[in-house]
Every structure is written in structure tokens, then in C-alpha cells.
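Per TrEMBL, the feature transmembrane segment maps to 20-42, 62-90, 97-116, 122-141. Residues annotated as region 'Disordered' in TrEMBL: 153-174. Taken from TrEMBL, the feature compositional bias 'Basic and acidic residues' applies to 165-174.
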Amino acid sequence: MNNINLTRPLHQLTKKLACVDLISLRLSVIFIFALFGTYKWFAFEANALNHLLTGTWLGGLYPYLGIQGVSYALGMVENITLLALVVGFVRPAAGALGAMMVIGTGLVTLSLQPQLGRIDSFIIKDILLVGIGLTLLRHDLRRVVVSRRLSRSGLNHPQPQASAVHRDGVASME
């Protein structure tokens, strides 16, 4: 049997696909926040949240904002997160903000777990969102640092377009 060296073709394929994983993570989170953020503007979601949140620390918002108001407030946070993630494709600082908001919303939801007393599918979703948020935050902070280094060095650096793979195998859109 011929000893075929696949190292080079595999390395080239890895380089071509390097930022696909980060793009797919970002798009997945954008989809989730678009879906659930949009739901918050409708009565069916506001009522579902009311039943879910009444016995939790977030239930303390209901006397001040009302059933629909709490849902609107949560929807605004989710929609701002969504916008920051979208802008993060071209502005890494906005992406980092969006990633921090993903982590924050995930942690807030997870903090409800002891008061809910049961594990729902949305809790599982938020465990994943915290992990994805940390991954996106690392990626976007790296892009911010690279962008600042380039601007301090006086290089005319266009906005992120092409992908590159760093020594540690982490892709970036620098």
C-alpha cells in the first residue's frame, strides 16, 4: 500500500475551515437570541415567563414593570445582545460586548435554577450559551488586541475580512 502523506492537504483544509467554527457559533447564538428575543414582545411569552419567574428573584420586577414590562425588558437585553453579536462580525469590541452579554444572560438564567427546583430545556440551553459566550469572548478580545497593536504600529489595517490561524490553532478574522 502506498504511503500517502496527508499532512499538507489536511493542514490546508484546516486553514480553510479555521474560522467556520467561530462563525457557526456566532450565527447559532445570533439565531437563538433573535428567536427568544423576538418572543419576549408577545403576550404568550410574557405569560409563560410570569409563571416561570414569579417564584424567583427576577419575580421582584413584576410589581414595578408588570407582566408585559418584564418581558419587554428581557427582550430588550436579548435584542441588544443580538445586535452586538451581529456588529461583532466587523467590530471585535462590539462582539466582545455581545459575548459578555451572552455569558451574563446565561448566568442570570442559571441562577434561577435553585428557585425553580427543576431542570428545563432553557436551562440546558443556557449552559451551552455560557460556554459559547466564553469562546466568542476569547476570540473577539484577541481580535481587539491585534487591531490595537496594528493601529499603534501605524499600519493601515482594514476591517477584518480574511481568516488566519494562529500558532495555537485558534482561528481569527484578522
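Positions of Cβ are set from backbone N, Cα and C atoms, glycine also.
No curator has checked TrEMBL annotations; they are predicted automatically.
Within the chain, the transmembrane segment (97-116) has long-range Cβ neighbours (under 8 A, six or more residues past its boundaries) at 29, 33, 52-53, 55-58, 77-78, 80-88, 122-123, 126-127, 129-130, 132-134, 136-137, 140. Counting same-chain residues at least six beyond the ends of the transmembrane segment (62-90), those with a Cβ under 8 angstroms from any Cβ of the stretch are 26, 29-30, 33-34, 36-41, 43, 45-47, 49-50, 53-54, 96-99, 101-102, 105, 136, 140, 159-160, 173.
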